[in-house]
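Colleague: If you scroll down you'll find the structure; I have some questions about it.
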Amino acid sequence: MAGGQLGVLNALDVAKTQWYHFTAIVIAGMGFFTDAYDLFCISLVTKLLGRLYYTDIRNPKPGVLPPNVQAAVTGVALCGTLAGQLFFGWLGDKLGRKRVYGLTLMLMVLCSIASGLSFGDTPKGVMATLCFFRFWLGFGIGGDYPLSATIMSEYANKKTRGSFIAAVFAMQGFGIMAGGIVALIVSSAYDHKYDLPSYKDNPAGSKVDSLDYVWRIILMFGAVPAALTYYWRMKMPETARYTALVAKNAKQAASDMSKVLQVEVEAEEDKLQHMVESENQKYGLFSKEFAKRHGLHLVGTTVTWFLLDIAFYSQNLFQKDIFTAIGWIPPAQDMNAIHEVYRIARAQTLIALCSTVPGYWFTVAFIDIIGRFAIQLMGFFFMTVFMFALAIPYNHWKNHNNIGFVVMYSFTFFFSNFGPNATTFVVPAEIFPARLRSTCHGISAAAGKAGAIVGAFGFLYAAQSTNPNKVDHGYPTGIGVKNSLIVLGVINFFGMVFTLLVPESKGKSLEELSGENEDDGAEAIEMAGSARTVPV
């Protein structure tokens with residue numbers, strides 16, 4: 001076995017793919033399915049919320065959420081997620097992955113349900129309640145990022161570890177698609193029951209009071225998949241790497257993994273004691289030793305995730321405006337309230353089905369073949385290319401070739417998911433020491449959500465037209481969709497640059513990457529601190 005590695009950890013590294021691997025993917029993956037559903041379903045119902053609570057029938061157009069309310073409703077869950085990633089990432093290293101895992105799931109279930117409830121029926125009361133519970137929903141979702149990634153990385157073998165972690169994250173694609181499908185089903189059912197005129201034909205009759213249940217049902221459904229997996233999360237044993245390397249209980253780690261692997265594993269308590277006493281293992285997150293070994297790695301994982309999420313979340317959150325601009329969604333006044341939900345959901349589902357989901361699974365298929373670094377660099381490169389290809393001839397796409405625009409737009413999603421959207425999740429779960437792994441993943445993920453907040457808040461304003469007569473009610477003029485896409489292209493280019501700081505982790509054990517099984521400091525520093533990114 002490698003260096004001074006414990007037998008139980010080596011057994012995990014060389015284990016053949018077994019049933020427990022797929023069980024772990026499903027358990028962790030359903031959490032990510034729920035995460036994506038809860039985070040992205042809000043974009044399906046914001047137009048409906050504007051119609052229900054902010055419409056003045058004397059105006060020629062239906063109501064929209066005021067800018068400050070729109071920003072709060074769409075961005076508050078992201079703020080909660082950022083806080084949750086930092087807090088639960090730290091807690092996962094202090095208390096253990098399993099002990100914290102169930103807590104995040106229960107928080108998600110309760111707050112998904114509560115998001116559909118309201119204190120009062122005034123716009124201010126409904127929006128305040130929605131924002132309050134979506135913040136805490138995001139807080140729970142935030143915990144799922146570092147914990148799911150860390151648990152999967154510590155359970156997986158080194159040959160297929162990238163595919164397993166990426167498969168957990170790939171469930172996000174199904175979650176986005178499920179949000180669209182649920183919205184399609186609910187809106188179709190209401191459309192079948194109520195044959196409503198368009199707003200232009202009858203402003204007062206284009207919505208009915210019972211449509212208030214539509215957005216509540218869509219948001220509350222996010223509790224279902226999370227609740228279904230709670231029991232199985234609680235049945236999972238703690239990861240051997242946490243039990244052995246952090247809790248320092250080699251006997252318990254060997255016992256747990258003997259049951260999981262269905263083989264006899266020796267405890268090797270003397271070897272663990274030798275590893276624990278090594279000076280290598282005593283440095284903390286804010287130490288010079290950590291900066292020397294992993295400082296550039298942490299800069300690389302945080303900055304690339306930050307830049308990626310600016311582009312990714314801004315696309316998701318203003319894609320309905322793009323669909324309106326190219327004619328996929330008619331002007332608001334030409335639809336009734338339920339038709340608008342249906343059209344937005346249909347567009348989002350098609351994008352998810354044709355580009356988002358395939359992109360994730362391409363990563364799963366190829367990440368352990370061509371490596372994390374190559375996929376991330378390629379993804380940022382093609383995102384840059386397609387963003388500029390959309391932006392520079394934007395007026396041509398908009399006026400003469402709507403389908404071409406959608407195809408190009410879909411390719412940017414495809415290469416974000418067959419690219420940095422998956423790899424930025426995978427790599428931080430592999431390259432840091434066990435006692436800091438969840439914390440460092442949480443920091444990296446929180447940087448990503450900071451980027452998501454920039455994308456979500458900033459591009460609500462930036463994507464507004466430069467023509468004052470064409471901006472949404474209550475918004476100042478922006479730089480327009482074309483210039484917004486140019487800015488996103490530049491951001492993706494810098495993502496390529498900072499990818500050079502991220503090491504390749506394909507085919508190596510977690511202890512080899514972090515230097516935890518090295519006996520002397522110099523060799524460990526050389527191994528763990530290497531910034532070489534291209535696999536040899």
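Glycine is no exception: its Cβ is also placed from the backbone N, Cα and C atoms.
The transmembrane segment annotation in TrEMBL covers 22-49, 69-88, 100-119, 125-143, 164-190, 213-232, 350-370, 377-397, 403-427, 439-463, 483-502. Residues annotated as domain 'Major facilitator superfamily (MFS) profile' in TrEMBL: 24-507.
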Colleague: Are there 3 or more C-beta pairs under 8 Å linking the transmembrane segment (439-463) with the transmembrane segment (350-370), counting only pairs at least 6 apart in sequence?
Modeller: no
Colleague: Can you name the far-off residues of the same chain, 6+ from the ends of the transmembrane segment (164-190), with a Cβ under 8 Å from a Cβ of it?
Modeller: 21, 24-25, 28-30, 32-37, 40-41, 44-45, 148-149, 152-153, 155-156, 210-211, 214, 217-218, 221, 316, 338-339, 341-342, 344-346, 348-349, 352-353, 356-357, 359-361, 363-364, 367, 417, 421-423, 425-426, 429-430
Colleague: Across the domain 'Major facilitator superfamily (MFS) profile' (24-507), what does the mean pLDDT come to, as a whole number?
Modeller: 86
Colleague: Any chance you could find the range in 100-119, 403-427, 439-463, 483-502 with the most Cβ pairs under 8 Å to the transmembrane segment (69-88)?
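Modeller: So the stretch in question is 439-463.
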Colleague: Against which stretches of its own chain does the transmembrane segment (100-119) lie, if we need a Cβ under 8 Å and a gap of at least six residues from its ends?
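Modeller: Result: 31, 34-35, 38, 84, 88, 91-92, 125-126, 128-130, 133-134, 136-137, 139-144, 147, 151, 215-217, 219-223, 226-227, 229-230, 233-234, 236.
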Colleague: If we skip the immediate neighbours and take only residues 6+ beyond the ends of the transmembrane segment (403-427), which ones have a Cβ under 8 Å from one of its Cβ atoms?
Modeller: 145, 149, 153, 162, 165-166, 169-170, 173, 301, 304-305, 308, 311-312, 315, 319, 322, 326, 328, 351, 354-356, 358-360, 362-364, 366-367, 372, 375-376, 378-380, 382-383, 386-387, 389-390, 397, 444-445, 448, 495, 499, 502-503, 505
